[in-house]
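Chemist: Have a look at this one.
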């Protein structure tokens, strides 16, 4: 079945209607099986996992490690992350034996020009996210045909209809855990004795940058603590089509894609 589905999906990449139809057949597969097909059959050598090393990240990272520990894992270090997140990243890399984690950082010249005091998040949060997250990831994904996201439907009302596959700029985005529940996440973490992010126990079920992350109250969506008090609910990675490197001009000229780096 894997070969049949893989060839069908590959032959229709970029056609959202066709991918949506095929996705209906993939829903029957567990995430591990879907990931193996994506890694080995659909996008060999052209697939990356984008991980925040946040609250639930250990689940997908463990699944990936069970299949291919050398799969590129892209991590966005915005420069304003919690120290606990950086420590968690290092802990999971060692625990899971991940060999190709690439840390992406914002362009220094742009930060010096637009956010020298690290306060852009307060006045222009969308631009802050663009500089620190959207642009670095868009550059890093150049050369990849697909990437894996850890988003889940239960995280927020804005994600309630999250599909299994999405397309953007002729690139496919895969959401293997889209339909998983909080109970399934917790059960997987326990079954594999995976460590949790330290901030989860302190009331942070969704963890981003320090200035834009607050504790979540009982009954709120897991992402209610992100950009609290603002209309903003997403950083931009999933609400706009990530452009190609050429669109960033000089800001991206010196960037080297993870595909071209030594393993």
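In case you wondered, yes, glycine gets a Cβ from its N, Cα and C as well.
Because TrEMBL annotations are produced automatically, they should be read as predictions rather than curated entries.
Quick paste from TrEMBL:
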ACT_SITE  235  active site, nucleophile
BINDING   128, 129, 209, 212  [4Fe-4S] cluster binding site
DOMAIN    47-214  domain 'Phosphoadenosine phosphosulphate reductase'
Chemist: Quick one, of the binding-site residues 128, 212, which Cβ has the fewest other Cβ within 10 Å?
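Modeler: Sparsest of the binding-site residues 128, 212 by Cβ contacts within 10 Å: 212.
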Chemist: Ten-angstrom check, please: count other Cβ atoms within 10 Å of the Cβ of residue 209 ([4Fe-4S] cluster binding site), all chains counted.
Modeler: 22
Chemist: Give the number of CB atoms, excluding that of residue 129 ([4Fe-4S] cluster binding site) itself, located within 10 Å of its CB.
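Modeler: Taking every protein chain into account, the count is 24.
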